[in-house]
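Colleague: Input: one structure, supplied below.
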């Protein structure tokens, strides 16, 4: 494995994956194999990029369910991820040497006590903060003493390891004893009052999903023998697949920052809106990312002309029309060469319509390069066809050269007009008639 080192993003990956990362606390580690009462544990959600069951001393704000301690999921290693697993009906210390070791088994009713705050994992019929059809999950109680809403039944999903809970490998669910709901994470990002961590809920829908399945990762219990985690490490194909799935999920979950300009895919080919890099008023030094409108709109026109001319040529050839050798050769160049770059444009543009992540204007740039190549192929072919059609005219040979020069000069002049957007500008905004850029604000959506 090339990327074999630990880093701040370890929590995005499964516990078994982390055991292969040098520098991670699970790498070459030895911990107790089976979960017992009194163990200090971390509990990780099986859905990628959800993280660890977490709590902290901050309370839910007024109007957000019960004003009790927040419970979230957190993607990074933290002391606030630690929980103590206890029997539901006793406060005795199971780590007392006089008590025999008792393993946690499938179907047991347990309490999870937050180690740092001594509050129990708790749920009730209040609505969750983001997912209104789910129940709120909180930290409740004093020094581990709460009420019956702190009781959870632990279930082993994959019983191939038996009734005991095995670290890393056992997939478990927590069923709330009073409401019957299942502990899970919606994956939704909480507002600033929740430190932009992820929402934990108790869902009344009992279907098994990765959002509601967990595994035990860290496990501390001095009364139990340790085993090496090397025997639990996944194979290379498994971690290769997981790393790509984590990247896909992480990319799709990106959200815009406050007051950040975003755009939609349909904006890009028509150059509907740019992206402000710096400055908001006439006293600021302003840089504004905008496509050269001459290039952008010529590319858009070229795509339409290519589809039209390509369709005409394809239909003519399909019907057996005999084209002159020169025209047939140019037509083949247009269809094959243009078709390849049009395919490139399509593959680099249309997938963005399916993405749920935040999108920016610069995401169109790879597709724009393909559309520019199509423009070159199309106009070169059209100008050569014009020169061939007017071969009897004395200046026919100059048509191709003149056309290419006109395109190049037009592009260069448009760059000269709009270069202040890229190199920076000061003074009145373009909305002001006195601004030197006023005449260049061709669309009302351009905000420079």
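Including glycine, each Cβ sits where the backbone N, Cα and C put it.
Owing to the predicted nature of the structure, the values given are computational and were not obtained by experimental measurement.
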Colleague: Between 399-418, 419-438, which stretch does TrEMBL give the note transmembrane segment?
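Modeller: In TrEMBL, residues 399-418 carry the label transmembrane segment.
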Colleague: Suppose you had to name the range TrEMBL annotates as transmembrane segment; which of 294-315, 316-337, 338-359 would you pick?
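Modeller: That would be 294-315, per the transmembrane segment entry in TrEMBL.
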Colleague: When the pLDDT values for the domain 'MIR' (32-88) are averaged, what is the result?
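Modeller: Mean pLDDT across the domain 'MIR' (32-88) comes out at 92.
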Colleague: What same-chain residues lie close to the transmembrane segment (399-418): Cβ under 8 Å, and 6 or more beyond its ends?
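Modeller: Same-chain contacts beyond the flanks: 290, 292-295, 298, 379-380, 383-384, 386-387, 390, 440.
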